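Novice: These came from Swiss-Prot, pasted as-is:
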TOPO_DOM  1-40  topological domain 'Cytoplasmic'
TRANSMEM  41-61  transmembrane segment
TOPO_DOM  62-112  topological domain 'Lumenal, vesicle'
CARBOHYD  ASN84  N-linked glycosylation site
CARBOHYD  ASN87  N-linked glycosylation site
CARBOHYD  ASN92  N-linked glycosylation site
TRANSMEM  113-133  transmembrane segment
TOPO_DOM  134-139  topological domain 'Cytoplasmic'
TRANSMEM  140-160  transmembrane segment
TOPO_DOM  161-169  topological domain 'Lumenal, vesicle'
TRANSMEM  170-190  transmembrane segment
TOPO_DOM  191-201  topological domain 'Cytoplasmic'
TRANSMEM  202-222  transmembrane segment
TOPO_DOM  223-229  topological domain 'Lumenal, vesicle'
TRANSMEM  230-250  transmembrane segment
TOPO_DOM  251-271  topological domain 'Cytoplasmic'
TRANSMEM  272-292  transmembrane segment
TOPO_DOM  293-310  topological domain 'Lumenal, vesicle'
CARBOHYD  ASN306  N-linked glycosylation site
TRANSMEM  311-331  transmembrane segment
TOPO_DOM  332-341  topological domain 'Cytoplasmic'
TRANSMEM  342-362  transmembrane segment
TOPO_DOM  363-367  topological domain 'Lumenal, vesicle'
TRANSMEM  368-388  transmembrane segment
TOPO_DOM  389-404  topological domain 'Cytoplasmic'
TRANSMEM  405-425  transmembrane segment
TOPO_DOM  426-432  topological domain 'Lumenal, vesicle'
TRANSMEM  433-453  transmembrane segment
TOPO_DOM  454-515  topological domain 'Cytoplasmic'
REGION    489-515  region 'Disordered'
Amino acid sequence: MGVTMAVGLAKAAMGKISSAIGERSKRISGAMNEPRRKRKILLVIVCIAMLLDNMLYMVIVPIIPNYLETIRTYKLVYITTPSNGTNGSLLNSTQRAVLERNPNANEDIQIGVLFASKAILQLLSNPFTGTFIDRVGYDIPLLIGLTIMFFSTITFAFGESYAVLFAARSLQGLGSAFADTSGIAMIADKYTEESERTQALGIALAFISFGSLVAPPFGGVLYQFAGKWVPFLVLSFVCLLDGILLLMVVTPFASRTRENMLQGTPIYKLMIDPYIAVVAGALTTCNIPLAFLEPTISNWMKKTMNASEWQMGITWLPAFFPHILGVYITVKLAAKYPNYQWFYGAVGLVIIGASSCTIPACRNFEELIIPLCALCFGIALVDTALLPTLAFLVDIRYVSVYGSVYAIADISYSVAYALGPIMAGQIVHDLGFVQLNLGMGLVNILYAPALLFLRNVCQMKPSLSERNILLEEGPKGLYDTIIMEERKAAKEPHGSSSGNHSVHAVLSDQEGYSE
């Protein structure tokens, strides 16, 4: 009897606990699916994905050269030592194993190709991933990217040969093509207000910068004291948590009506758009100094200023703070003066060019920090000003689907980071470090005037379609007419009769509309 009552009480208690947990889960789910809160959670998920991708990109900097030196540039050989008898005759011999350096192993080429393989595969994959994102939305590609990055990180943790590490690095490039493009496109899609979009993309850029700058000391410390696998396992665990959080917020594989989704513009059409091409060129140009300096500046510091290991290890760390400052300033300026995004980008290119030309003149670590900080400040200006401009260009010229246009942005970054590890060392060897920096600086300064081409586009207000600004024609089709009428009505003060225009009136009004 007592046992039966105890079982009954236990069942009742379990039922209450289960009911309470279910109710709490519903509340949490409801709170997470509240539109504004869900948008913020998705921003956090995307920022974590950006952080992980850039940490995985840079965490190998202090690890791989030392690890490859161990597994590839030394080979195990056996040396035979003869033992002579008392009368000088050879009685026996002994063998001992020693590590002998392999003179034929080209470490620089191996490391350069390994570093560049991620950007190369990312560059090749982006045209396809951009189209895929436009077709299926942003959540599924983001989940695919996080999954690929998880397996790439696990492979890095336990890989012991150059071939396995190369495969893991290339696999990360494929994951980045999905995660980076879909993540940035998701932010542009969720934050439609220009000032909010610029701020959200600025936050994502801050996480990208933080991941790139904090990863080398993070990886170096854990590698030295805990082993090669520890930093990669930590990153894979965070990647897993980010994927789980994404599944809690969205249901990527739930049934949905694809026929109601907007059809994005093909990526090849976006690539030949002159405005988008100018922005893409600026994104590539501004990242060339960073991509080419990362593999070469340490050796130059060692030869020129006899820099210590810790100085070379934290070379880029102080630059994180001016990068954040650049993001903050650009976001504030864009909110107050949104029509001058092109100007902020042009100023950033000039700062990058001047900083790059100044670097070879530095003779100690303290002097070097100043141009490096200015360099990252300029990059922040360019990225924060021009990434939202890509979404704006798609909004006013095409359909507001952002997968392909941010695939183009990712291609722009990948071009710089694919060429840097492979070409930078050879350029320094053939021409010199000074000539490399002067060339990069000159390219950035000369490209800045090209952003004047965006001046007229940036003057357009987000509520206007480019069809009646640049092409001087009215909206085509009933959908365009209704949208334009609604947008104009929203801009008119209360009491205006603009909301009662007929289709004919709207068409007539817009054919002669200029602002």
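Placement of Cβ uses the backbone N, Cα and C atoms for every residue, glycine included.
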Novice: Which of 41-61, 140-160, 311-331, 342-362, 368-388 has the most Cβ pairs closer than 8 Å to the transmembrane segment (433-453)?
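Specialist: Stretch with maximum Cβ contacts: 342-362.
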Novice: Which sequence-distant residues neighbour the transmembrane segment (342-362)? Criterion: at least 6 residues beyond either end, Cβ under 8 Å.
Specialist: 282, 285-286, 289, 293, 297, 305, 326, 330, 333-334, 368, 370-372, 374-375, 377-382, 384-386, 389, 433-434, 437-438, 440-445, 447-449, 451-452, 454-455, 457-458
Novice: Would you mind pulling the DSSP three-state label for ASN306 (N-linked glycosylation site)?
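Specialist: Where ASN306 (N-linked glycosylation site) sits, the three-state DSSP reduction gives coil.
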Novice: Rank 41-61, 113-133, 170-190, 202-222, 368-388 by Cβ pairs under 8 Å to the transmembrane segment (140-160) and hand me the top one.
Specialist: 170-190
Novice: Find the average pLDDT over the topological domain 'Lumenal, vesicle' (223-229) in the predicted model and report it.
Specialist: 82
Novice: For the transmembrane segment (368-388), find every same-chain residue at least 6 residues outside the stretch whose CB is under 8 Å from a CB in it, and list them.
Specialist: 184, 188, 194, 197-198, 201-202, 205, 209, 279, 282-283, 286-287, 289-290, 301, 305, 315-316, 318-327, 329-331, 334, 341-342, 344-345, 347-352, 354-356, 358-359, 362, 409
Novice: Count the CB pairs under 8 A between the transmembrane segment (41-61) and each of 113-133, 170-190, 202-222, 272-292, then give me the winner.
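Specialist: By the under-8 Å Cβ criterion, the transmembrane segment (41-61) pairs most with 202-222.
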Novice: Around the C-beta of ASN306 (N-linked glycosylation site), how many further C-beta atoms are within 10 angstroms, looking at every protein chain?
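Specialist: Cβ-Cβ neighbours of ASN306 (N-linked glycosylation site) within 10 Å number 10.
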Novice: In the same chain, which residue numbers or ranges, 6 or more beyond the ends of the topological domain 'Lumenal, vesicle' (223-229), come under 8 angstroms Cβ to Cβ?
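Specialist: Sequence-distant neighbours of the topological domain 'Lumenal, vesicle' (223-229): 62-63, 66-67, 157-158.
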